[in-house]
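J.: This is the structure, below, for whatever I ask next.
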Amino acid sequence: MLLRFTKMHGLGNDFMVLDLISQHAHVQPKHAKQWGDRHTGVGFDQLLIVEPPSHPDVDFRYRIFNSDGSEVEQCGNGARCFARFVLDKRLTTKKTIRVETKSGVIELRVQNDGQVCVNMGAPRLEPAQVPFQAEQAALTYRVDVEGQSVELAALSMGNPHAVLRVDNVDSAPVHTLGPKLEHHPRFPQRVNVGFLQVLDRKHARLRVWERGAGETQACGTGACAAAVAAIRQGWMDSPVQLELPGGKLSIEWAGEGQPVMMTGPAARVYEGQVRL
């Protein structure tokens, strides 16, 4: 059978979006891996699936697969594209929607200027919630990587993140240290790795090595995690403007126990069909 899909991106973080409300199919990890290949498939960082909700107090269910076939809990840039998609496809007329993910419910709001604001929920800071192996919670942790000691913050935005401060993101070891930390045994579910260069109290640059996808043009949850880490350590003040390779995101966080608000663009690229 043929399935209709939409190719979208949020700051260059690109997605294949499938509506499984008006069309019915059983999509499996092998399909995500097949379609995700940039040479022989559609090519994307993540596959986003729109499904009917399983609870009456939410509008949709949101599932996410990496291009390696692994299903993940959360994707911030994808959430913005999800909100634009369900409006564009007239699956809802609401400008504010509640969406269930593997890690909980998030709220998405499409603004009049076309930007999308996502309530990502409160960050989870306890090591067991990341999950990360540590005896007790701390602002930063020391992790040994092949004899090198690396200082990082570890937290969850519904998915696990490590954040490292660097002097210059252009020369940061994203492609060498990134995969080593992703698969480090202290992160039992693997981890997304952010390399953060603080410019001043309000502005920073960020590159992210994403679990299961490698370096991407932008990572929404990575931007949220980096902002939280920077604010907690006293480096920056909310709201924070983060510049990623694909563009800029605005992140607001009022402190522990409070939700992280992420605002940024979402763009449609093209429509297509793929064989299941």
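In case you wondered, yes, glycine gets a Cβ from its N, Cα and C as well.
In case it helps, Swiss-Prot gives these features for our protein:
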type     : residues                                                                          : note
BINDING  : Asn13, Gln46, Asn66, Gly76, Asn77, Asn159, Asn192, Glu210, Arg211, Gly220, Thr221 : substrate binding site
ACT_SITE : Cys75                                                                             : active site, proton donor
ACT_SITE : Cys219                                                                            : active site, proton acceptor
SITE     : Tyr270                                                                            : site 'Important for dimerization'
J.: Can you give me the Cα-Cα distance between Asn66 (substrate binding site) and Cys75 (active site, proton donor) in Å, rounded to a whole number?
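T.: Asn66 (substrate binding site) to Cys75 (active site, proton donor), Cα-Cα distance: 10 Å.
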J.: Taking each of Asn192, Arg211, Cys219, Thr221, Tyr270 in turn, which of these recorded positions have a Cα lying within 10 angstroms of the Cα of the residue listed as 'active site, proton donor'?
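T.: Correct set: Cys219, Thr221.
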J.: Can you check what DSSP calls Asn77 (substrate binding site), collapsed to helix, strand or coil?
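T.: Once the DSSP labels are grouped into three classes, Asn77 (substrate binding site) ends up as helix.
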J.: Same chain only, sequence gap of 6 or more: which residues have a CB within under 8 Å of the CB of Asn77 (substrate binding site)?
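T.: When sequence neighbours closer than 6 are ignored, Asn77 (substrate binding site) has His9, Gly10, Leu11, Asn13, Phe15, Ala218, Cys219, Gly220, Gly264, Ala266 within Cβ distance under 8 Å.
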J.: Using a 10 Å radius around its CB, how many other CB atoms surround Asn192 (substrate binding site)?
T.: 27
J.: Let me make sure I understand the structure: which of the binding-site residues listed (Asn13, Asn66, Thr221) has the fewest other Cβ atoms within 10 A of its Cβ?
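T.: Among the binding-site residues Asn13, Asn66, Thr221, the lowest count of other Cβ atoms within 10 Å belongs to Asn66.
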J.: Have a look around the residue listed as 'active site, proton donor' and count the other CB atoms within 10 A of its CB, chains all included.
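T.: So the number of other Cβ atoms within 10 Å of the residue listed as 'active site, proton donor' is 29.
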J.: Does anything in the same chain, at least 6 positions from Arg211 (substrate binding site), have a Cβ under 8 Å from its Cβ, and if so what?
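T.: When sequence neighbours closer than 6 are ignored, Arg211 (substrate binding site) has Asn66, Ser70, Val72, Asn159, Pro160, Glu182, Arg190, Val191, Asn192 within Cβ distance under 8 Å.
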J.: Any idea what the Cα distance is from Tyr270 (site 'Important for dimerization') over to Thr221 (substrate binding site), rounded to a whole Å?
T.: 25
J.: Max Cα-Cα distance in Å among Asn13, Gln46, Asn66, Gly76, Asn77, Asn159, Asn192, Glu210, Arg211, Gly220, Thr221, the residues listed as binding substrate?
T.: 17
J.: These are the recorded positions: Cys219, Tyr270. Which one scores highest on other Cβ atoms within 10 Å?
T.: Cys219
J.: Would you list the other residues of this chain near substrate - those whose C-beta lies within 8 angstroms of the C-beta centroid of Asn13, Gln46, Asn66, Gly76, Asn77, Asn159, Asn192, Glu210, Arg211, Gly220, Thr221 - in sequence order?
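T.: For the substrate site, the extra neighbours are Asp45, Ile64, Val72, Gln74, Cys75, Gly78, Val208, Ala213, Thr216, Cys219, Gly222.
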J.: Return one of helix, strand or coil for Arg211 (substrate binding site), based on DSSP.
T.: coil
